[in-house]
């Protein structure tokens, strides 16, 4: 900075220059702080987006070889379709404009029409929230894998990211009515209810309506094992998801300057501990019950721990993260664990940590103060409302597709596999197992057109 700011030509102090120099220096510091926060949120969003790859690897490894390309393409299109849907409608319904209809839905700024080139907050927020919306859509992929129509799935992905998910995020994060229920409001820091319950219960509805895979149950109604084709891909996907969760949870602080870095650090630690507790708990339970060290069960336990800590990662003691992750491992992911995790805010939250994050500190979890109940009640009622919202919209949506014959692929296509029937050939063209599978299915269909009588052997 030029010394003339501070001294006149005769060497005396220049008061006017001092003020000008101070103001310019202040502006530089503010710009750097804003840039630091923006970069933190964007990098966190990049990590959340990488979770799409984690979901893709996990889902691909969990299905049979004949459907690998199909589920990978669906995961890719979750991001593509979700981006367009959220751009056109979702961002406006979640956070757009000042006009709110009874706390129910946002409005304005459709297709970012009200955002100018300099609206960095708008652009940063849009990118980060789109990554979350795409994650909610992707959760459904595994629930309806291997038998759902490609067109039905794409339609669902657009509907969820354009309307179903944005309205819920408005209720909880955008100033909607659930942010003030019981005079307190829900506290869901990173999305147990907003993201995981929405995706989980949508997947449950889809799975119930589309029905099980052919051969999933035998004549007595007992389930027949249908293992995925790659434990390696499942493990890779889980590690990528775990890594992405460090953007999902700590990134939800939406900044790192000032005192926010303490919130970010706590999120990283509680997220780690909950994931580890979920994995270890599952390992021990499977060993006791089935007498094996089950890799795939441990992977599910880790993911359950990660989901469970998401709502309260910024507000709980580390010992509470152990309990939250361990109990979460007992529930199916994502819906039931998301419900448990959202309730954990009302059980374990510390008022001190809520205040540090700029949230209300009048009520915390009842374990921390037995006289406090409003936060638990707010989150419980909020979760029930969110479940009802998702089911009221998604059940008729899938049911209508099913009535029109657009939901499920044909029996012959399912037995042959989506990759051969829809995507130009198998994902592993030189894989002798894949070739044997195709031959067996073709022979089976030739021998008996009523192929639902056969148990898919792959």
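From the backbone N, Cα and C atoms, a Cβ is placed for every residue, glycine too.
Between the listed ranges 3-28, 185-210, TrEMBL ties the annotation transmembrane segment to 185-210. Range 231-248 is the one annotated as transmembrane segment, of 231-248, 339-356, 357-374 (source: TrEMBL).
Contact between the transmembrane segment (185-210) and the transmembrane segment (376-401) is supported: at least 3 Cβ pairs lie under 8 Å, counting only residues 6 or more apart in sequence. Model confidence over the domain 'Ammonium transporter AmtB-like' (40-330) stands at 93, taken as the mean pLDDT rounded to a whole number. Sequence-distant neighbours of the transmembrane segment (297-330) (same chain, 6+ residues past either end, Cβ-Cβ under 8 Å): 58, 187-193, 195-196, 234-235, 238, 241-242, 245, 248-250, 252-253, 263, 266-267, 269-271, 273-283, 285-286, 337-338, 340-342, 344-345, 348-350, 353-354, 357, 359, 364-365, 367, 379. Counted over residue pairs separated by six or more positions, the transmembrane segment (376-401) shares at least 3 Cβ pairs under 8 angstroms with the transmembrane segment (151-173), which defines the two as touching. Below 8 angstroms of C-beta separation, residues 41-42, 44-45, 48-49, 51-52, 55, 58-59, 62, 71, 74-75, 78-79, 81-83, 86-87, 90-91, 94-95, 112, 115, 153, 156-157, 160-161, 165-166, 169, 191, 194-196, 198-200, 202-204, 206-207, 210, 248, 251, 254, 334 of the same chain, each at least six residues beyond the ends of the transmembrane segment (126-144), sit close to that stretch. Across 39-60, 72-94, 151-173, 260-285, stretch 39-60 shows the highest tally of CB pairs under 8 A with the transmembrane segment (231-248). Sequence-distant neighbours of the transmembrane segment (39-60) (same chain, 6+ residues past either end, Cβ-Cβ under 8 Å): 68, 71-72, 75-76, 78-79, 124-125, 127-128, 131-132, 134-135, 138-139, 141-142, 145, 230, 233-234, 236-241, 243-248, 250-252, 254-256, 264, 299.
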